[in-house]
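Written out below as C-alpha cells is the structure these notes cover.
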Amino acid sequence: MEFRPLARINKYFHKSLARQYIFLMGHLVVALVILAAVLLSSLHYLNEYYSSQNKALERKEALATEINKEFTSVFLDIRGYIAFGNKALKDQAVGLEPEIRSHIREFKKYADNRSDREFIEEVEEFSDYYFITTLPKAIEDYESDHVEEVVNTANTQATARLQAFQKELDDYLEINEDLLDESFEHLTKMQTYIQIGFILFVLILLLVFQRVTRLMFKRIGQPLSQLAAAANDVASGRKATIEVDTNRVDELGILSHAFNKMVQSIKEKEQNLISQNEELVAQQDELQAQQYELENTLEILKSNEERVKNRNSLVNTLSNSLDKQGLLESTVLHMCRIIEADSGIIALVEEEAVASFGVSRAGMDQFKEHLSNSGYMERLKAENKPFIIKRESQAFEKGFHTSTMYLSDLYLPIFLTGERLFAVMVFSRFGEPFEKRLIEEYSALGQNIGIALDKVNHYEKSEEERVLNQDILDTIKEGVQLIGTDGRILQVNKQLCEMFNATELTNTPWQQWTSLMQEAIVEGEKFIEFVGIELDGNLEDHHFIYTMKRSRQIYKVYTENLFRGKDKFGTILVHRNITKEFEVDQMKSEFVSTVSHELRTPLASILGFTELMINRDLKAERQKKYLNTIYQEAKRLTALINDFLDVQRMEAGKQTYEKNYLNLLEVIDKVIDLQQINAPNHKIELESDFKVVQVLGDREKLGQAFTNLVSNAVKYSPSGGNVTVTVKAENNKVLVSVKDEGLGIPEDAMANLFTKFYRVDNSDRRKIGGTGLGLAIVQEIIKAHEGEIHVNSQYGKGSTFTVILPGGTKPLNEDRDKFKNIHGRDGYKVLVIEDDQSLAELMTEELNGSGFQAFHSKNDVETKSFLKKFIPDAIVLDILLGDESVNGWEIMNILKRNEKTRHIPIIVSTALDEKAKGFQLGAHDFLVKPYQQSRLSAAIMQTLTKMGKVGQILIPENDEHSKT
C-alpha cells in the first residue's frame, strides 16, 4: 500500500513525453540552481553595488534628455505657430512648461555634485528667461502682426541664447555618458571573472544534459521514424504496419491510435470519391447533349447572317477588289445569290479567265471553247442588251428526275469603255423562269461589273509596268535611291532597304530617312551634309565613302541629277559595296607585314647560325646547339607555310577530310595535354558532364582547330591564368567553349576576327606575334564539319570562343535499359479569348483534356491582365466579342504590334468566314464555327509543331557507337 503513491506518480509522468522530459530536466535544473547559487549571489552583490551608482547617473541622464526633448518640441511648435499660424501648436508649446519645471524639480533631488547643481541652475534660469520673458512677448508681437519685432528678437537675443542653452545640454549629456561608460567597464571586468567560473560549471552540466537528451531521443525518434514509414506506405497505396508499442499512454501512443483511424477514414472517403466521379460522368453526357442543341441554334443564326451579308457584298467586291480572277469568282457567286440562279458562269471574250458557280470543270471548258462560235454571242453583240432563253433540260441536268423539265437561261453582256464586248455572263434557273421586267436591273448590274473590270484592267497594266521597273531595280546589287527636289524619297530598291534594316522607304520625308541613315552610318553627319549639297547642285565631287556601324561594311555613293527637259526633278544615289575591295587592299598590307616579320625572323636566325657554322670552327656541343636552333626555326617556317597552304586549300574547296565517328573529348583532352606542357603559367581544364561526346569528323583537323583555339587562349593571356574548355550537348548539338582570362578583344575588331592575315592593331598583341591565320583555319575546319563558331569577349577581361558541331552524347549515370520518349505537348499555356461563357468552358475543357493548360478571357481588358502575368504559347481568339468590347481584329493588331506578344501563334475561332483577312493580319489558323472541338487541339498542336515548340527526343541506350 505504501508504494501506491509512487505508482500514481510513475503513471502520471508516463502519460506525457513533455512530463518525462520535464522530470529529467527538473533534476538538472535543481542541480543547476544549487550549484549556481554561489555564483549568482556573487553576481547579485556586484550588480547591486554598481546598480546603486548607475541608477542616479541614468536617472539624471534621462531627466536631462527629457528636458532637451521637451525644449526642442517647444522650439519647433513655436516656430510652426509663427510660420503657419496654427494655434494648436502654440497651446501645445505653452502646455509643456509645467512638465519641464517638474523635471527640473526632480533633477534637483539627484544633484549631488557641483556640475549637476550648476547645470540645473542654468536650465532653470533659461526656463525663466524663455517662458516668462521671451515667449510671451514673441506671441504678443506675432498676434499683433508685429512680425518684424519677432524676427528682430530672434536675430538679436533669442537665437544666440537658444544655441548656448542647447550646447550646455549636449555637454552635460556627454559628461554623464562618460561616467556611465567608466562604471560599466569596471562592472564588466568583475563580471568576466565570475563568468569564467560559471562557464566551467556549464561545461560539466552539458555533459550530463547530453546523456539525458540521448535517452529522450531514443524514446521519441525511433517511434516517430516507424510512424513516418507507415505514412509513406499509405501514400504509396501499400498496406501500412505500425510497430509502435500500443501500450504506451503518451502522445506517441495516442498518435498511433489516431493514425489507424485516419487510414480507415481514407479508405471510406476513396469510395465516396468514386461515387462522385460516376455522377460527374453522367453530368458530362447531359452537357454534351446541350452542346448539340447549341450548335444547331448557332447554325440557324449563321444562315440568317449570311442572307443579310450577301445583299451588299457584290457592291463592296466591285468597289474594293483589284484581283481580276477573284473579282470574277466573287461576282458570279454573288450574282447567283442576288438573282436566285441555280448556276452561273462568267467568261472574258478576249482572255482565258473564267469563273463559275454550280458548273463543272468540263462545262466551263465547253462553254469557253464554243463561246466565240455561238449564235448567242452574235446576238449579244448585235442587241447590246441581256436576253432570256427557255429550254428543255439535258439529261445530265435532271439528276434523279425522269419527267420533262425546263430551264431559264439569262445571257448578260459586259461592255467596257467604247462599247466593246468584254465578257459574257450566263445564269440558269430550274423551274421558275427569269422575269423580263427585271432585265433593266440585270443590265444595270452588268454595267457596274463592266466598270469594275475596266478599273482592274487599268490597274493591272500600271502594276505590271511598276513591278517590272521595281524588279529591274531589285536585281541590282547596289542600293539605288531616288530623291525628289524636296528631299522626299521617290523610289528605292530592295538592296537599300536591307542595308538600313528598313521595310519600306518609299515616300519617306527628308527628316525621317536622313535620321535613319545618320544613325546607321559612322560618318552620318558628313554623309547627310554631302547629300544636302548635292541636292542644292553645288557639289563638284559626286561620290562619298562611308562605313556602316553594325556590319562595318564600306560603301561608296555615286550621285547623278535627273532632268525632264531643263527642269531637275530628282537626284539618284547609288550605294555600292566596296568592302571586299577595301578588305583586299587591307589584306595585302597585312600579308606583306606578316611575311616581313614572320618569315624574315626565322630566316634571319637560320642564315645567321649557318654563317657562323661555315665561317668558324665550333665545338661539337655548340654546333649541335646551333643545328637544333636551325631545326626549330625551320619547323616554325614549315608550320607557317602549311598554314598558308591550308587556308588556300580550304577556301578553294580542295581540302580533303577523313571523317569518322569519334569521341570529341579524347581529341580535346590530347590537345590540352600538349598545350599544358608549353604553358607552365596557365591552368588548362576540361569540364564536361559526359564520358562520350560523339561527332562525325576528321580527328586531325578537329585537333588542329582546337589546338589553335587553346593556343590562342594561352598566347593572349601573357600574365597566366585559367583556360577552361567546357563541353556541353543539347538538341543534337555539341557546344565546345574555350574561355580565357587574357587581354580580350576590342569590339571594333570582332567583325574581322576570322579574316585571314587580320590582327588586332594593338601594341600588346603585336609583341605576342602571329600570322593572323589561326582563326581563319579554325573557321574553315568548323564550316567543313557543318558547324558554327562564335566569340564573346570583354576587352581586358578575357574571351570565350564557342564551337557548335552536330553530334550527341551519353550522359553519366544514365539508365541504359530502354529508350525514353519525351513529349513536348504537356504544360503549354493556351489563352482562350471568348465572350460566350458556355462555349469558353467547352473549349478550355477540351484543351485541358488534350494536355494543355487553358485559361479563359472574355474581353480585351481581361486579356491585358492575363498577359501581364504570363505570356501564353498560343492564343485562341474569337472575333465578335460583344458590344462593350473591342473586336478580335483589334486585339490581333494590338498583339502583333507588341514586341513581347507578336511571336505568339493565334488561332481564330469565329462564326465569320473571313479567312483571308485573318491570315493577312497574322493568324496561324482559322476555324469557322461550328466545328469539332478536337480540331482546335489539333490546330494548336500542328501550329506549335511548325514553330518548333513541340517534338520528340529519342535518347538511345546501350550502344556506345550510336549516332545522335
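Cβ atoms are placed via backbone N, Cα and C, with glycine included.
Nobody curates TrEMBL annotations by hand; they come from automatic prediction.
Ranges compared are 263-304, 809-850, and TrEMBL records coiled coil for 263-304. Here TrEMBL gives coiled coil for one range in the set 155-182, 435-462, 491-518: that range is 155-182. Remote same-chain residues near the transmembrane segment (21-46) are listed as 13, 187, 190-191, 194, 197-198, 201, 205, 208-209, 212, 215-216 (criterion: CB distance under 8 Å, separation of at least six residues from the stretch ends). For the domain 'HAMP' (218-271), the predicted model reports an average pLDDT of 71. Around D878 (4-aspartylphosphate), taking its Cβ as the centre, 24 other Cβ atoms fall within 10 Å, counting all chains. DSSP labels the residues of the domain 'Response regulatory' (829-944) in these numbers: 52 helix, 23 strand, 41 coil.
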